[in-house]
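Annotated [2Fe-2S] cluster 1 binding site per TrEMBL: Cys42, Cys47, Cys50, Cys72, in sequence order. Taken from TrEMBL, the feature [2Fe-2S] cluster 2 binding site covers Cys112, Cys115, Cys147, Cys149. What TrEMBL records for 201-384 is domain 'FAD-binding PCMH-type'. Annotated FAD binding site per TrEMBL: Leu374, Lys392, in sequence order. The feature Mo-molybdopterin binding site is assigned by TrEMBL to Gln727, Phe758, Arg871, Gly1036. Summarising the annotation, TrEMBL assigns active site, proton acceptor to Glu1212.
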Amino acid sequence: MSGIRFHVNGKEHRVPQSFAATTSLNEYLRESAGLNGTKVMCKEAGCGCCAVTVTLAAPDSDKLKTFSVQSCVTPLYAVDGWQISTIEGIGSQRKGYHPIQERIAKFNGTQCGYCTPGMVMNMYGLLHQKPNITAQEVEDNFDGNICRCTGYRSILDAMKSFAGDANIPDSKAIDIEDLNMNLCPKTGEACTGKCGQSLDLQLNDARWYRPTSLDQLSKVMKDNKNKKIRLVFGNTSTGIYKDDGPYGVYIDLHGVKELYSYEVNEKSVRLGAATTLTHVIERLKANQKKPGFKYFHDVSKHLKVVANVMVRNGGCIAGNLMIKYWHKEFPSDVFLMLECAGAQVEIFSSTSGKKETSSMMDFLNKVDMTDRVLTAVILPCLADHVVYRSFKITPRWQNAHAYVNAAFNIPIEGLVIKGRPSVVLGGISADMVHATKTEDFLANKTLSPAVLKEAYTTLRDELIPTQNSLEATPKYRKDLASGLLYKVLLSLLPSKSSQVRSGVEDLHRPTSSGLQTYQEMIYDFPIHKGLPKKEGPVQAAGEAMFVNDMPKFQNELYAVFVLADVASATIESIDASEALKLAGVTHFFSAKDIIGENNYMFAGSLFQLTPHELFASKEVFFNGQPLGLVLAETQAVATTAAKLVKVTYSKICTPVLSVEQSLAKDMEFKDARITKVVGTPDEAWKTVDQQVEGTVKMGSQYHFYMETQVSLAVPSEDSIDVYSSTQNSDSCQDAAAQIIGKPLNFINITVPRLGGGFGGKVFEPAMLTAASSLAAYLSDQPVRLNVDLASCIRIFGKRQPFVAKYKAGFTQEGDVKVVDVEILGDSGYTDHGAMYTHECIHFMDMGYFVPNWNIVGKVMQTNKKSMTPTRAPGTVPGALIIESIMENVAKALNKHPVFVKEINLYQKGQKDIMGHTLNNCTIRDVWRRLKDIAEVEGRLRQVEAFNQENKWKKRAITMTTCKYHMNHYGPGLGATVTIYGRDGSVAVTQGGVEMGQGLYTKVAQGVAHVLGVPWEIIKVKPMQGISSPNSMVSGGSIASESAMQAAIGAAQILKERMAPIREKFPDADWKELCQKSEANKLDLSARFFNRHELGGDPVANYHTYCAGVIETEVDILTGESQIRRVDIMADYGESLNPVIDIGQTEGGFIMGVGCFLTEDTKFDKDTGRILTDGTWNYKPPTTKDIPIDWRIHLLPDTPNPFGVRSSKACGEPSIGLATGALLANKQALEAARKDLFGAKDFIPVDAPFTPEKAQQSVGLDESVLAV
């Protein structure tokens, strides 16, 4: 046949040769097969939302295997003969849900739901591999799935409930019959995996081969020796090196039987080149207890932190080695470990037809692989006296490439090194593999403390790390490599000090666990009931439709922005002629094509925002600024065409990328400066006993919504229908109308749901709706504008970075009397960021009463995109500043911060920094209860004892607080409740946007309570501008309660309207009552607008209070850390839904962990381009970055008289508590400095406090490397 054949969910798919060779399985599933339950986000195998399972047998086996892969990097033409299962194929609301889908919904493991299909399919593949799975195996195998919403705990609990050893309520192992192994449609029997065939396909842009033997492979390579060839297996390297190619020939190696060999003898283990990394791990574990192969334990352990499980399932050992071959700078863990073990590779030459073996170093540096292919890796038997250890030090616990990786092979008897050891390092430079001078020095040495120190010095002297904007500093990488050598040599030396032995082992992370306690109120049922999300099951089945899941419209065009590649310049010309010549390209639009006003930033009654051009007309202010829009018939063509647009610039300037640079150039937006004076600070300074000074720094944070920004504009008879992923429909409607010079009623806007928002979809989606609407209007065709991850990170605003300098005065007891703070807020290229500097000041006090303040907030201009709201934009910087101040005060008094903070907590009746009188303040009650229930004082003693016993591992514990003022800002939200008279079912539409916070669920709870009906008969429909106009933005934590109150109001109108009918028919059931009401011609639809009124003194309606206890452990030699335990207590009044509110609390906290510990944003200092623009370099937390022991408690018996149904909002307060993770780590490092140097200083606060910053703050040198 011409093309390929495979099965998806049991249905045969025949694919012709018309697709490009680079087409991914994900693109085919979504764009051609219409299976949009499989999501797409990063397109680099880094997020997991695209997961599917595949079933096939290797050519050398009849055994069928099912496993999960990431479809975004799986080539379409590689799946010939495969069976593929997508989320649609394993369960649905019509056919019945799969147990995994049911379980994750039941455990409230979904919020926005965008990542959920990937989570389910990863587990589906995992259970096929290991039906009798353990809880630890579950945690080890979710390293490739990112969720920004949940904080992971609920997801892990759901998945661990399938484990036999899980201590989780409602646990139940999977029934093997429920795994739904599909039968092969060809035979009606279990698939043999032999449906595949050799392939020779002439595609439009390349030739695709699948040989089935080494001889066939040799012939193909010889026949194409003058062409650029790409050998394909897992194809996972395309997630890292996206610009490799183009290639004229692709050779799929899945069918070459000889590449799957597996041979074991006394001298070696031979693994075929096509052995996946997952199978490598399995085979090494199977042999690790045999003589000479005990080092396999270390190798397999290390391999488990290479990439992620789905990459390891799809990628083979030879593929990883070839990435290293073609990209010498790639820190390949596989190459490193094999070279250190003395492994060899077997190489087949297509020219000679012969095989030869080569050392790893010769393979890397001497062998010309252009006509050759790896056929096997041979791992040798090592002598019993060989000590083998390897390390990988990364920015987060898993799925991250190394700062530095290292492997050590040391033959030693007693203390005598027998011969020459092997010291192999990665991440130092592209050229460095062996530390040869250190190896020379250690050869035949007798280990001693003196030898250890000299080896350490020798290594440091020979290391010359390269300087790169994306890599850690050369000093850290040098310190890290030296510290790893110290760890290994320390393990070989007898130590007189048990304290020092803590330097030998890595941090140990056990299986995580969680506990949640809350009070359910029964008087308002089902309000206050802990119910899972109403739409959880459809999210888990991939049936929840997001904007980009909508089917393609007839004649639809795809749009891609053309972006500036400089940060400060004048545009001289834009030439799109080459792009327009490309087949399939239809239009290019720029500023000159705009009909209305070139501005997408809505300026309404709530926000008076600085204008932002949709397309830069003359001046470029940041790298990534949109200059125009390319339209084409396919997404791929539009993406290619956008790169062909040529832009000529003049007056290119060096970009200003920090507030310090901005200050030096006097680039402050002086009109936006804010000064806040509380009390009499000048007088207060005369009364204090002591004072401290310090600086707090915080970088930016990308929202990392899993659904990237998207807008779809469709011309209709007299308007444009716009489908947007936005938190702020009004601003999008306004921008779309304004850009084409039309009234607002020309734009019909619909917001189905959001795949995460976190503030990033408050203002920025207006840019997309404006652009897509302009393009649709000018082209008179539907236009879909879906921005890829890298472009999202480049184009859109992020959390505001800042530098704060403070001075605090206090008494000998620790009572803080006065604080002076100067804040420099990075606003980006406009003063748009001023609101976040102001918000920071409003939240500066958090839970602490300071009677006197003098705060100056300066808004600084830089060559970056204007900053935008990011979850708790005031709380996050405010919490970091005040918590840092309190910790510094405690340090100066030689007291633990817990006790100093306790002294300064607010009391009822005091006024806060904004002048609110806190008559209902519960922070002291929250603190006291939490401190007791978390056994803080006892654990402080345990931490102190641990630190005395361990020199190179240190622990710390601290407490943090939050006082979050909730403002019912904006006009409010409306809701319409409709009852269908024939059957009594209920539909609700309202102005709030569902983005994972449980808004629809809470609305349904409220309506069910008022009408007295089961919540199952209520459906909440997507937000539409025509039915919910003039709505406030869904943000600031309050949309759910406002929407619920609006829906309750509408339901109450209907209840009162139906009351006379009820009086006539008191015994009628609900359905009959509705029928009678319809028969009596009642209007069974009602609308209510919940108008917002700012209450309180002066602006807050009420305050949410919470506190956290955070305990961490740090490896002093590497800077790595883990959060051992977190206890949180929150006053949410009478929670509308405790299960959902706890999920919000956990998700907020983990987003804070990312902000304060892992998510580092870096720029090119010359071009201003953001470098951390994907999952390879930007690291939000994953499943093993969460607390090992995580306990959430909601404060009971505290109704909120000012909240909806006595509740409080919960979406944002918890994020600030995560400052405790940074500060506890810092305390641990200060304990180490005290041990090592007698230092009592306060380490400056600099977020994100990455392992690099942590380790470098200690100041280690060889003088402290005791044994």
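A Cβ is built for glycine as well, from the same backbone N, Cα and C atoms used for every other residue.
Caution: TrEMBL annotation is automatic and unverified by curators.
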- Across the record's Mo-molybdopterin-binding residues Gln727, Phe758, Arg871, Gly1036, the largest CA-CA distance in angstrom? 12
- Length of the line joining the Cα atoms of Cys115 ([2Fe-2S] cluster 2 binding site) and Cys50 ([2Fe-2S] cluster 1 binding site), in Å: 8
- Item | Neighbourhood of Gly1036 (Mo-molybdopterin binding site), C-beta criterion under 8 angstroms, separation at least six | Met966, Asn967, Tyr969, Glu1212
- Compute the mean position of the Cβ atoms of Gln727, Phe758, Arg871, Gly1036, which form the recorded Mo-molybdopterin site, and then list in sequence order the other residues of that chain whose Cβ is within 8 Å of it. Gly757, Gly759, Gly760, Val762, Pro869, Thr870, Ser1034, Gly1035, Ser1037, Gly1211, Glu1212
- Out of the binding-site residues Cys112, Lys392, Arg871, give me the one sitting nearest to Cys47 ([2Fe-2S] cluster 1 binding site) by CA distance. Cys112
- Rounded to a whole number, how many Å is the Cα of Cys42 ([2Fe-2S] cluster 1 binding site) away from the Cα of Cys147 ([2Fe-2S] cluster 2 binding site)? 13
- Message: Which one is it, among the binding-site residues Cys112, Cys147, Leu374, Lys392, Arg871, that lies nearest to Cys72 ([2Fe-2S] cluster 1 binding site) by Cα separation?
- Response: Cys147
- Distance [Cα-Cα, Å, rounded] between Cys147 ([2Fe-2S] cluster 2 binding site) and Leu374 (FAD binding site): 37
- Item | Count of other CB atoms lying within 10 Å of the CB belonging to Cys42 ([2Fe-2S] cluster 1 binding site) | 25
- Query: Between Leu374 (FAD binding site) and Cys50 ([2Fe-2S] cluster 1 binding site), how far is it from one CA atom to the other, in Å?
  - Reply: 30
- Which of the binding-site residues Cys50, Gln727, Phe758 has its Cα closest in space to the Cα of Cys149 ([2Fe-2S] cluster 2 binding site)? Phe758
- Quick note, Gln727 (Mo-molybdopterin binding site): same-chain residues at least 6 apart with CB under 8 Å of its CB -> Leu754, Gly757, Gly759, Lys761, Val762, Pro765, Val993, Met995, Val1033, Ser1034, Gly1035
- Note on the structure: Residues near Cys112 ([2Fe-2S] cluster 2 binding site) by Cβ (under 8 Å) yet at least 6 apart in sequence within the same chain, in sequence order, are Arg148, Cys149, Tyr705, Met706, Glu707, Arg753, Leu754, Gly755, Gly756, Gly757, Met995, Gly996
